[in-house]
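Here is what TrEMBL records for this protein:
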{"type": "TRANSMEM", "residues": "15-32", "note": "transmembrane segment"}
{"type": "BINDING", "residues": "34, 82, 91, 92, 93, 100, 101", "note": "ATP binding site"}
{"type": "BINDING", "residues": "34, 82", "note": "divalent metal cation binding site"}
{"type": "TRANSMEM", "residues": "39-56", "note": "transmembrane segment"}
{"type": "TRANSMEM", "residues": "62-81", "note": "transmembrane segment"}
{"type": "BINDING", "residues": "75", "note": "substrate binding site"}
{"type": "ACT_SITE", "residues": "75", "note": "active site, proton acceptor"}
{"type": "TRANSMEM", "residues": "102-123", "note": "transmembrane segment"}
Ligand SMILES: Nc1ncnc2c1ncn2[C@@H]1O[C@H](COP(=O)(O)OP(=O)(O)OP(=O)(O)O)[C@@H](O)[C@H]1O
């Protein structure tokens, strides 16, 4: 590595709190610009409220938190793939389609798992409540 390229790297490395700021602005941008993120956030708040009302156990909360955090993160990675593909080409290209569809497929798989986790945790509690 020559001095110039090392210099470039040093210029590009930011302090921890600046990097954290970039990540935060990424979250804000995704929530502001992506309809799906707003939907996921709304559902997440509803699930947390329902969990509090039905007094979930510590283990159940762990699964719910993993589901919510994973879902939001997966949606944001999907958005990042979409943006990157759009930046690379404005043309119709089979690889661009594959990249976007695979990323969307990953979100769908995680969403299905989240629904299953939600059903496994909430259905017994709600049915117990109904049969009281
Ligand atoms: N450059 C491209 N070449 C080929 N197919 C593409 C290209 N861009 C998007 N597509 C395909 O068109 C469809 C719609 O893509 P689009 O980028 O509009 O995302 P979307 O699914 O509508 O998601 P969002 O609403 O979050 O933008 C998808 O099947 C995608 O793979």
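Even glycines carry a Cβ here, placed using N, Cα and C.
Because TrEMBL annotations are produced automatically, they should be read as predictions rather than curated entries.
Features per TrEMBL, on structure.
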residue	record	Cβ within 10 Å
34	ATP binding site	17
75	substrate binding site	23
82	ATP binding site	16
91	ATP binding site	6
92	ATP binding site	7
93	ATP binding site	12
100	ATP binding site	16
101	ATP binding site	10
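Here residue 75 (substrate binding site) is positioned 23 angstrom away from residue 93 (ATP binding site), judged by their C-alpha atoms. Comparison of 39-56, 62-81, 102-123 by number of C-beta pairs under 8 angstroms to the transmembrane segment (15-32) places 62-81 first. In the three-state DSSP reading, residue 93 (ATP binding site) counts as coil. Taking the C-alpha positions, the distance from residue 92 (ATP binding site) to residue 75 (substrate binding site) comes to 23 Å.
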